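Below is one structure, written out as structure tokens; comments come after it.
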Amino acid sequence: MIVLRSKSPRRKQILESLDLDFRIESEDIDESSLKDEHPLEYLKRISLSKLGTRSKDELLISCDTIVVQENSILQKPENFSQAIEMLERLSGKTHIVYSGLGIYYNRLEQFAFDSSKVHFHTWNKEQIKKYIERYSPFDKAGSYGVQDIEGPVQSFEGSYTNILGFPIRMFFQYHELWKKYLKGNQA
């Protein structure tokens, strides 16, 4: 069985849509960035840390998603004012979303990531406040969800599921590890 080390409902939905046999066991870790840590170094460190306790008999997968603008990481907002600040910063601009994938199986640890460009509408403070009140994006990096109707995303380039928080194109590259966990597969 696959063990998904994540609390994200979006990651759960994506794995369910792939018809995989998995269970959720999230690991709580300190997601603080280190001083002068490059965004991709941070992504790798956090994605692999989320793998948590290793089990040689199970396939463990973990993910982390970061929003990066001007080489600065925008994590999940801690409160309403921080969400406003992030969305004002992203308004009318383009940023990059990186999602990292940590995999542990048979004593081997691997990391891969994908990136997507996201273009935002130009929003005023009232539009931003209404969005936050309606969607409560406090569990999302950058304070937004690409899937939110009437959200701030104007367009994007790259993988939709990557922006949701699961780098599916990278996951597919490891199909030899996970194909036996397809429901109904006796391989």
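Any Cβ shown, glycine's included, is placed from N, Cα and C.
Here is what Swiss-Prot records for this protein:
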type: SITE; residues: R10; note: site 'Important for substrate specificity'
type: ACT_SITE; residues: D64; note: active site, proton acceptor
type: SITE; residues: T65; note: site 'Important for substrate specificity'
type: SITE; residues: Q147; note: site 'Important for substrate specificity'
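Here the features listed in Swiss-Prot are placed on the structure.
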{"residue": "R10", "record": "site 'Important for substrate specificity'", "DSSP (3 states)": "helix"}
{"residue": "D64", "record": "active site, proton acceptor", "DSSP (3 states)": "strand"}
{"residue": "Q147", "record": "site 'Important for substrate specificity'", "DSSP (3 states)": "coil"}
Cβ neighbour count within 10 Å of R10 (site 'Important for substrate specificity'): 19
Fewest other Cβ within 10 angstroms of its own Cβ, chosen from the recorded sites T65, Q147: Q147
Minimum Cα separation from Q147 (site 'Important for substrate specificity'), reported as the residue among recorded positions R10, D64, T65 that achieves it: R10
Alpha-carbon distance [R10 (site 'Important for substrate specificity'); the residue listed as 'active site, proton acceptor'] in Å: 12
D64 (active site, proton acceptor): tally of other CB atoms within 10 A of its CB: 26
